[in-house]
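Asker: To start, I am sharing the structure in question, which I have written as structure tokens.
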Amino acid sequence: MTILFISDLHLSPLRPDITDCFIDFMQNEAIHAEKLYVLGDLFEFWIGDDDNSPFNVLVKNEFKALTKKGVKCYFIQGNRDFLLNKRFCKETGVELLDDHTVIDLDGEKVLIMHGDTLCIDDIKYQEFRAKVHKPWLQWVFNRIPLFIRQRIVKNVQDKIKEKKQTKTLCIMDVTQSEVERVMQEEGVQRLIHGHTHRPDTHTFISNDKEMTRIVLGDWYSQGSILEYSDKIYSLHKKEFK
């Protein structure tokens, strides 16, 4: 049994190298897996399931082809694609999961998430996240004409770039106390997440138990894949062609 995890691809028409790497992964690696989990930020920005641009259709077709081959695909919303919803899933066969989801891997309970909720020291971001995740606000936003939403998102992108330059690295990383709190609350000893773009495996002791936190990498300069097979977790790099 092989299960794959990816996150933070930030797919965009402006980065055909990432797109090519993603398509190669879907057609030559994911096709041989039993399950594929996408833990958020698949897209650089997703402004609504009604955006059927040629690029979005291209990506959706890759998932549709994969699920039709019998590979189960799951998606957790990230901070860039939290508006990806039921229509996308219906069109592709992908199953949308809760922000915090516990899965069973050979009898072990494993918590999976995007990871942005763990960065509680970034107070401004958490306040922004709370606002944009309000159901009524998303309902209103999704009913704004598509071309206006595109302008709004472009403005938001520019502001995000400006703010990132002023934030310290520690603020943009997870808060260890929050990691431990969430893992204890969910009753797990293993956590898999993305968001921080810092692929690594961290082990620590909490309440006399050994805990493991696996961080997925981004796809900015190369692909990053976590493979689970025969109870072994392996982080792999995938070079751009």
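Each position is counted from 1, following the chain as shown.
Every residue gets a Cβ built from N, Cα and C, even glycine.
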Asker: Per Swiss-Prot, what member of ASN79, ASN155 joins ASP41, HIS114, HIS195 in binding Mn(2+) 2 at one site?
Answerer: ASN79
Asker: ASP8, HIS10, ASP41 show up in Swiss-Prot as binding Mn(2+) 1; which entry in HIS197, HIS202, HIS236 does that record put in the same site?
Answerer: HIS197
Asker: Other residues with Cβ within 8 Å of the Cβ centroid of ASP8, HIS10, ASP41, HIS197 at the Mn(2+) 1 site?
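Answerer: Once ASP8, HIS10, ASP41, HIS197 are set aside, the remaining close residues are SER7, LEU9, GLY40, GLY78, ARG80, GLY194, HIS195, ASP218, TRP219, TYR220.
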Asker: Starting from the Cβ centroid of ASP41, ASN79, HIS114, HIS195, which together make up the recorded Mn(2+) 2 site, report each further residue of the same chain whose Cβ lies within 8 Å of that point, ordered by sequence.
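Answerer: Once ASP41, ASN79, HIS114, HIS195 are set aside, the remaining close residues are SER7, ASP8, LEU39, GLY40, GLY78, ARG80, GLY115, ASP116, GLY194.
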Asker: Which of the listed binding-site residues (HIS10, ARG80) has the least company, meaning the fewest other Cβ atoms within 10 Å of its Cβ?
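Answerer: Lowest Cβ count within 10 Å among the binding-site residues (HIS10, ARG80) is HIS10.
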Asker: So which binding-site residues are near ASN79 (Mn(2+) 2 binding site), with CA atoms within 10 Å, out of ASP41, ASP122, HIS197?
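Answerer: ASP41, listed in sequence order.
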